[in-house]
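Colleague: Below is a structure I'd like to ask you about.
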Amino acid sequence: MSSSEGEGANPSPCPAAPPAVAGAGVGVGVGAAAWPRRRCRDVFWLVVFLLHLLVFGGALALTGLNRFGQADRFNIDRFTNLTAAPRFAGSPEPAREAPPPPSLEVEEVTPKSELTESYWPYYGAAGAVGTVLAWAWLAAAAGRKDGGRVVMRAAVHSLTAYLAVVSVLCFWGKHFFWGVAFAVGGALHFLYVMSVLDRFPFTMLVLQKAVRMIWELPDVMRIAYAFVLVMLCWMALWSFGVSGILAFHIPNGGQWWALLIFSVSLFWTGAVLSNTVHVIVSGMVFLVLIHGGQAAASMPPKPLLKSLQYAVTTSFGSICYGSLFTAAIRTLRWEIRGIRSKIGNNECLLCCVDFLFHIVETLVRFFNKYAYVQIAINGQSFNRSARDAWELFQSTGVEALVAYDCSGAVLLMSTILGGLITGTCTGVWTYFKQSDKAIMVGSTSMLMGMILVGVTVVVVESAVTSIYICYAEDPRLIQRWDPEFFDQMSEALHQRLQYRSARAHQILNSRLDQLPNTSSALLLFKKRVRVRHDSIGMRLYTVRSGRRACNMEVSHAHVVMFYNVTW
C-alpha cells in the first residue's frame, strides 16, 4: 500500500514490489523497525463523542436515581405538567389528591411500577442473554474452521422463521402494529434471500476463509470478548437510566421519544466500540497477510498492542465520525440495490430510484466499512480512507466482487437474530409481570442484544473487508496465503466483469440504435477507448460517451463503463 503519513497519499497496487517492500510502504515497518508516529484525525468528532458520553451519562444517572427507592426523588414530575392539557378560564380546578399519611412507609404508598428497580432486573436479564449469545456466536463462528458454514445457515434459515414467531407473539399480546411490522419484516427477508440465492456459494466461500483467518489469530477473539464486557458496563448505566424513564410517567408519548433519544445514543456508542474492534482486527489481518504469517521474522513487535493503541488514540476520532453514518448508509444501499434490480420497464419509477441510487452511491464513497482497514493501516481521516478504499476497488474492478458478495448482509442477519432472541426473552418475561411495558422493554432489550452480538460479529466482518483490500492492493498477498482461494476469487472476478461487460454492451447498443447515424457514433466511441493493465493480468476497457459524440441525445447516460476481460 502507499505510504500514508500525509493526507494526500493515495493507495495504489504495487505489483512490482516484493511483499516485504510493500509492507514497508504502508508504514508498518519491517522486522523490529519502529512503528510510525501518527497524528490524531477527526478530533472534532472525538470531542463530540466524549461530550455525548458525559452528557448522556449524567442524564441516565439522574433519571435512574430519581425513581430509585423513592418516587420522584428530585421533584422532576413538576416538568411533566407543562405538557398536560390546558385549563380554560372559568373551568373548575381539578381536585387535588390528599397526601399520604406520614406514618406510612414509602414502600407502602409508592407502586412498584413507579420505581427504577422494578425494570432494572429485566435489562439485567437482557444484558446476560445478549452477552451469552455474543460469546456463543463468536465461539461457534471463529472457534472452528467450518464456522462460516454454521453462521450462514443459522442466519439465513432461522431469521425468517423467528420473525414469524415474534409476529405471532405480538398478535397474541394484542400489539397489532408490531405484529404486522414483524410479519412484513419476515416476508421482506424471505424475498431478499430468494433474490440472492445465486450469490450464496461465493458468500460462503468468503466467510469460510475469513473465519479461518480469525481462527489463526486467537488474540483478536480475546479482544472481542473484552470489548463485550466494556459494552456491558456502559449498558448497566444505560439500562439504569432507561428503567427510571419507564417508571416516570410522561404524557403525550413522551416516554417513546425519550427512549428513542437514548436508543440513538446507545447505538452510536455500540457502533464506536464495534468499529474499534474492526480497526484492531483489520490491522492484525493486514499485518499477517503482508508479512506472510504471524510468526514471520519481519512482523513488528507486539502488533496487537500497537493496533489497540492506535485504535483508541490517534484513530479514535475517525472511528467516532464513521460510526454515525456508515451502518445506516450501508443498509440503505442494500435496500435500494434490491429495489433497483426488481424494477421492470417502468421508466418513471426507474428514474426516481436511479436518482436515489446515485445519491447513496456518492455517500458510499465517503462512508463505507472498508475505510476502517485504511484507518488501521495508514491512520488517515475517515473520509480520506473511505475515498481511497472505494477508488482502489473501482480502479481494479474488485468493486464487482464487493457488490456481488452478501457476507455483510449475512452477518447483519446474525446480529438481528441475536437481538430478536434477547428482546423476545426479556419481553415475554415483562409481559407476565407488567404487560403494559412489554413492548418498551422488549424493543430496547432487542437493541441491547443487537449491539452486544454486533461487537463479536464485527470480528469476522473485519477479516472479510481486509481480504478484499489486500486482494485489490496486491493479489499476491492472497495468493501466498491461500493459492486455492486466490484462484477462486480470480475466477469469480472474471465472471463478474464479463457479466458487467455484457450488460454494458447491451445498454450501449440500445442507445446507439436510437441515434440517427449509428455507424459514425460507434466510430467516435471506439476512438475514446482507453486500455489499462492492472496487477492481476486483465485489461479493463473504459468507454466514455461524451456529449459531443452522442449529439446530446444520450446525455442521461453521460458515462458508460464496461469491462472486457481477457486472460
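Including glycine, each Cβ sits where the backbone N, Cα and C put it.
Take a look at what TrEMBL says about it:
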type	residues	note
REGION	1-20	region 'Disordered'
REGION	86-107	region 'Disordered'
TRANSMEM	16-36	transmembrane segment
TRANSMEM	43-65	transmembrane segment
TRANSMEM	120-142	transmembrane segment
TRANSMEM	154-174	transmembrane segment
TRANSMEM	180-202	transmembrane segment
TRANSMEM	223-250	transmembrane segment
TRANSMEM	256-273	transmembrane segment
TRANSMEM	280-298	transmembrane segment
TRANSMEM	310-332	transmembrane segment
TRANSMEM	409-432	transmembrane segment
TRANSMEM	438-471	transmembrane segment
Colleague: Short question: which residues 6 or more past the ends of the transmembrane segment (180-202) have a Cβ under 8 Å from it?
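Modeller: For the transmembrane segment (180-202), the nonlocal Cβ contacts are 152, 156, 159-161, 163-164, 166-167, 170, 338, 341-342, 404-406, 409, 413, 492.
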Colleague: Could you give the residue numbers and ranges of same-chain residues that sit at least 6 residues beyond the transmembrane segment (409-432) on either side and whose C-beta is under 8 angstroms from one of its C-beta atoms?
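Modeller: Contacts of the transmembrane segment (409-432) (Cβ under 8 Å, skipping residues fewer than 6 from its ends): 122-123, 125-126, 129-130, 133-134, 137, 151-152, 154-156, 158-159, 162-163, 165-166, 169, 173, 189, 192, 196, 203, 207, 331, 334, 438-439, 441-443, 445-454, 457, 460-461.
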Colleague: With Cβ-Cβ distances below 8 Å as the criterion, list the same-chain residues six or more beyond the ends of the transmembrane segment (120-142) that contact it, or say none.
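Modeller: Same-chain contacts beyond the flanks: 148, 150-151, 211, 214-215, 221, 224-225, 228, 232, 235-236, 239-240, 242-243, 414, 418-419, 421-423, 425-426, 429-430, 433, 441, 444-445, 448-449, 451-453, 455-457, 459-460.
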Colleague: Can we call the transmembrane segment (310-332) and the transmembrane segment (223-250) in contact, meaning three or more C-beta pairs below 8 angstroms at a sequence separation of 6+?
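Modeller: Counting Cβ pairs under 8 Å, fewer than 3, so no.
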Colleague: Any contact between the transmembrane segment (438-471) and the transmembrane segment (43-65), i.e. 3 or more CB pairs below 8 Å with pairs at least 6 residues apart?
Modeller: no
